[in-house]
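Trainee: According to TrEMBL, the feature domain 'ABC transmembrane type-1' maps to A:7-211. Here TrEMBL flags A:13-33, A:45-64, A:84-104, A:144-166, A:195-214 as transmembrane segment.
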Amino acid sequence: MIDWQPLLLTFKLAAVTTTILLCIGVPFAWWLANTRTRIKPVIEALVSMPLVLPPSVLGFYLLLAFSPEYWFGAWLDRQAGIRLAFSFEGLVVASVIFSFPFLVHPVQAAFQNLPRSLTDAARVLGKSNWQTFLRVLIPNIKPALLSGTVLAFAHTVGEFGVVLMIGGNLPNQTRVASIAIYDEVEALNYGAANFYAGVLFVLSFLILLVVYMVNRGVQK
Amino acid sequence: MIHASISKHLHGANGDFQLEASLNIAEGEFVALFGASGVGKTTLLRCIAGLEQPEQGSIVVRGETWLDSAARLNLPPQQRRVGYMFQDYALFPNMTVRGNLEFALRKGTDQKRINELLELMALGELQHRKPDSLSGGQKQRVALARALASEPRLLLLDEPFSALDAEMRSRLHDEILRLQKHFGITTVIVSHDVSEVCKLTSRVMMMEAGRIVQQGRPVEVFSAGQTSGKFRFTGEILAIESMDVMFSLTVLVGNQIVRVVAMPDEAAKLHVGERVMLVSKAFNPMVLKLEQ
């Protein structure tokens, strides 16, 4: 009997993470594209860290941060009664941090490539910054927005190291598909491992295929 | 009546300089800011539109204060009601021609204005096209229509014709003159094209290194101190060829290639690529009208 839970949990995690990323990542990318602050290189380096760091490094520090033994985890536990270590919520927070550059990079580049005169034109025509953002900027970066969203989603699906470090292997809580594969292989259940792996393989391929096909259509 | 005086520090290609300009424009007047690139023409225009903030200055339009640095008052561009035409047109690629105009419409304005503008600019056929599928001249007309759609009190044109060929430019000059008269709107154009300034505007302000150094009627300003019966043109030598005892010089004057004869001792001093002045004395030229 196949246990669907790990797959469902994986896609739930990816969906929640991507939604949160869209809400904070797109405005952040816009800010980063326009800011003249001196510490911009520092911020950009921090955003890109998950691209180069081993997931275990990030996972290790997040584990420490989330632990009620240390001040942040203790403060969170005291104030809101939330314990992030070994919980679904903790996985969401970690995934948001870990997939951040995958959304921010393409969207930031797209904002930077838009001519400055588009924003100027909208302002001269009496539109507020918010109207300009929603009706002029966002519609003109659609391809980047799509690839950023999909990359962030796919990357969250494919996460392993961070989840293992801070989530462990709790069924229905933190046992996502990539962990389940590892677990099944260790238990020599190659059939189950093959099932999860196959589903991830096919789905990842399909998602990327759709993105490239859509972007090709947009370019034409 | 529009009064503006602006002071702003600028970083130019040849070092920093101070933009220090003061101008008065009468209601309905069509004036030009003229000068080489990098003297602060566009910055001055952007300051008037509110897209850039001067360190000091004041702008009063029809008795309404847009900027008063002493009182720390600076209206954002949204509240200034200017029509601005950008060098790259800045049409919104995600909207159709009509969509671009509708976006510019102020709240409570009748949709009729859009139809009127589409008709005036002969854009009716193109109204459902996206900007990417338009030619340069068409984009230019859409940009002008959009700038007028918001019922501006002041129209600012930033080198609007620089990317067009001569024929298209001339047609759009006529168009813009017609519209300016139709709406009676006060207009400032940034240009470095002498013929354009003479044709369109009633007053030119010459700028050099951030200052207005001279102003007046274009024909007078441009010909000041150099009107004479002589013909003189500056050009660049493209080729020097020997013909028996004389030399033939091929010179590029504007877009025209002219061939003139030179004596051997004159030719000896000249080289290909040098700039020269061609002067012709004591000839009265024939004047032939060109077919339009």
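Just so you know, glycine gets a Cβ as well, placed from its N, Cα and C.
Nobody curates TrEMBL annotations by hand; they come from automatic prediction.
Help me picture these features in the structure, burial and contacts included.
Mentor: Long-range contacts of the transmembrane segment (A:84-104) within the same chain, counting only residues at least 6 positions beyond its ends with a Cβ under 8 Å from a Cβ of the stretch, are 9, 13-14, 16-18, 20-22, 24-26, 28-29, 32, 47-51, 55, 58-59, 62-63, 66-68, 73, 76, 148-149, 151-152, 155-156, 159, 162-163, 166-168, 170, 173-174, 176.
Below 8 angstroms of C-beta separation, residues 10-11, 13-15, 17-18, 21-22, 25-26, 54-56, 58-60, 62-63, 66, 84-86, 90-91, 94-95, 98-100, 102-107, 109-110, 138, 174, 176-179, 182, 200, 203-204, 207-208, 210-211, 214-215 of the same chain, each at least six residues beyond the ends of the transmembrane segment (A:144-166), sit close to that stretch.
Under 8 Å from some Cβ of the transmembrane segment (A:195-214) lie the Cβ atoms of residues 2, 6-7, 10, 143, 146-147, 150-151, 153-154, 157-158, 177-178, 180-181, 184, all in the same chain and six or more residues away from its ends.
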